[in-house]
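K.L.:
Per Swiss-Prot, Mg(2+) 1 binding site is recorded for E409, E416. Sequence annotations record features per position, and here Swiss-Prot assigns Mg(2+) 2 binding site to E416.
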Amino acid sequence: MSNQHIEELNDQQIVRREKMAALTEQGIDPFGKRFERTATSGQLNEKYADKSKEDLHDIEETATIAGRLMTKRGKGKVGFAHIQDREGQIQIYVRKDSVGEENYEIFKKADLGDFLGVEGQVMRTDMGELSIKATHITHLSKALRPLPEKFHGLTDIETIYRKRHLDLISNRDSFDRFVTRSKIISEIRRFMDSNGFLEVETPVLHNEAGGASARPFITHHNAQDIDMVLRIATELHLKRLIVGGMERVYEIGRIFRNEGMDATHNPEFTSIEAYQAYADYQDIMDLTEGIIQHVTKTVKGDGPINYQGTEIKINEPFKRVHMVDAVKEITGIDFWKEMTLEEAQALAQEKNVPLEKHFTTVGHIINAFFEEFVEDTLIQPTFVFGHPVEVSPLAKKNDTDPRFTDRFELFVMTKEYANAFTELNDPIDQLSRFEAQASAKELGDDEATGVDYDYVEALEYGMPPTGGLGIGIDRLCMLLTDTTTIRDVLLFPTMK
C-alpha cells in the first residue's frame with residue numbers, strides 16, 4: 001500500500017484499519033476463515049413464519065447464520081443488529097451476559113459492512129420480529145470502507161452501474177432482479193433440454209463476421225499475425241453442426257457488436273440461438289412461443305404480465321402477420337403489387353421514409369416502411385413474418401413468392417425479441433447472397449458482412465431442411481422484470 005493511498009484515507013477508513021489491527025493483536029484474523037452455518041435468513045423466515053413468540057420459546061430451536069452487518073443499535077450491555085445474506089435479512093439480539101465479554105466486544109466494535117457469524121436461539125421479539133438471540137459471535141471479515149448511506153440505499157445511477165457490488169448490497173430489488181435473470185436462463189435451458197436439444201459451445205473469435213448484420217469488434221491474433229473479430233452471432237458455426245448431423249443444437253452465450261448503446265442495446269449481450277433439422281419457420285414460431293411462455297409461467301406465474309403499466313397477454317397465442325400485410329394495415333400501401341424501384345422510392349418520398357444509399361431494391365424499401373410505421377404499433381406479442389430477401393441473407397426464399405423469405409421476428413412492446421427463419425441450405429443461393437452483402441458493404445453499409453467461403457463449402461456437403469432461432473435474453477429479462485433499460489439486467493454493463 002503506497003503512502004499516497006494512506007494519505008487519501010478518510011476518517012472512517014482510518015478508524016476501520018485501526019480496528020483491523022486491533023483484531024490482529026487479539027489473535028483474530030480480520031479476514032476470517034471457513035464458517036459453517038446451519039441456516040439462511042430465508043430458510044428461518046419461511047420455517048418459523050407461523051410461530052409465535054411463545055411457540056419459539058417452547059421449541060428452543062438454535063441456528064447458526066452468517067452475513068453482512070447492515071444495521072446496529074443499542075448501548076450498554078444489549079444490542080440489536082441485522083445480518084444480511086443472499087436471501088435477505090434477519091435481526092440478531094445480543095446480550096453481554098449471553099455471549100460473554102469478549103464476544104460482546106467483537107459485536108460492539110463491528111462496523112456496518114463487516115461479516116459476522118452468529119449462533120443462537122431462534123426467537124420473536126415483543127414487536128413480532130423473528131430474531132436470533134446470540135450465544136456466540138464470530139468475526140468473519142472486516143470491511144475497510146463504509147457502505148453507502150444505509151437508509152436510502154444506493155441511488156446514484158452511475159455508481160449503481162459502475163459498482164454493482166454496492167448496488168447488490170444496498171438494493172434488494174436489484175439483487176432479486178438478477179436472481180430472476182439467472183432463473184430465466186436456467187428455465188430456457190430446461191425447456192430446450194427437455195425438447196431434445198443439445199447445448200454446445202462455438203468459438204468467440206472468428207475469421208469473418210457473419211450470421212447477422214452488425215459491425216464487429218476487431219482484434220489481432222499475435223501468434224498467427226492475423227486480424228480476427230469477436231462473434232456477432234453464433235449462427236454459422238451452429239449450422240455447421242447441423243451439417244454434421246447433430247440435428248437439434250443450441251447455444252447460450254455472449255455476442256459482441258461494435259455499435260451504439262441505448263435502453264435496449266449493449267455492445268456485449270446474451271442470446272440463445274437454436275437450430276432444428278427437418279423444421280421450418282412455422283415450427284420455430286411454435287418453439288419460440290413455447291420457450292417464452294414456459295419461462296414466463298415459471299418465473300411470473302399463470303396469466304398476463306404487467307410491463308410498465310401495460311398488460312401483456314403473453315399467456316395467449318401470439319399474433320402472426322406478414323410484413324406486407326402489416327405495412328398495408330398501417331399505411332394503406334400494398335407492396336404485394338409488383339412495382340419498380342422508382343415507384344417504391346416515390347412512395348417512400350411521399351411518406352417521408354428516409355432512403356439510404358444501399359436501398360437498391362423494392363425489398364429494402366418495404367423493410368424501411370415496416371421500421372418507420374409498424375414497429376411502434378406492436379405492443380402485444382406478434383410474429384411478423386415474410387421479410388424481403390434483400391434483408392435476410394441467411395433465410396430461405398418463400399416457395400410462393402420468392403421476393404420474400406420464410407423468416408419472422410417476434411415483437412413485444414415495440415421491441416424485437418426474436419429473429420428466426422427457415423434456414424437457407426442451398427449453397428449456390430447462399431454464395432450469391434453473401435456476394436450481395438459484400439457489395440452492400442462496399443456501398444457503405446457498415447452492418448453488411450463479407451463472404452464466408454468456408455461456410456458455403458460446408459453447405460455443399462448437404463444440410464437438411466432446418467429452422468433456426470435467435471432470442472435476445474437481456475430484453476426478455478427486461479420484460480419479465482419490468483425494467484426499461486438493459487443496464488438494469490446486466491450485472492456489469494458497458495460504461496464510458
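Keep in mind that glycine also has a Cβ here, set from the backbone N, Cα and C atoms.
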K.L.:
So what sits near E409 (Mg(2+) 1 binding site) in its own chain, CB-to-CB under 8 Å and at least six residues off in sequence?
P.N.:
F383, V384, F385, H387, E416, A418, N419, A420
K.L.:
Just how many other Cβ atoms lie inside 10 Å of the Cβ on E416 (Mg(2+) 1 binding site)?
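P.N.:
I get 17 for this one.
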K.L.:
Please state whether DSSP places E409 (Mg(2+) 1 binding site) in a helix, a strand or coil.
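P.N.:
E409 (Mg(2+) 1 binding site) sits in a strand per DSSP.
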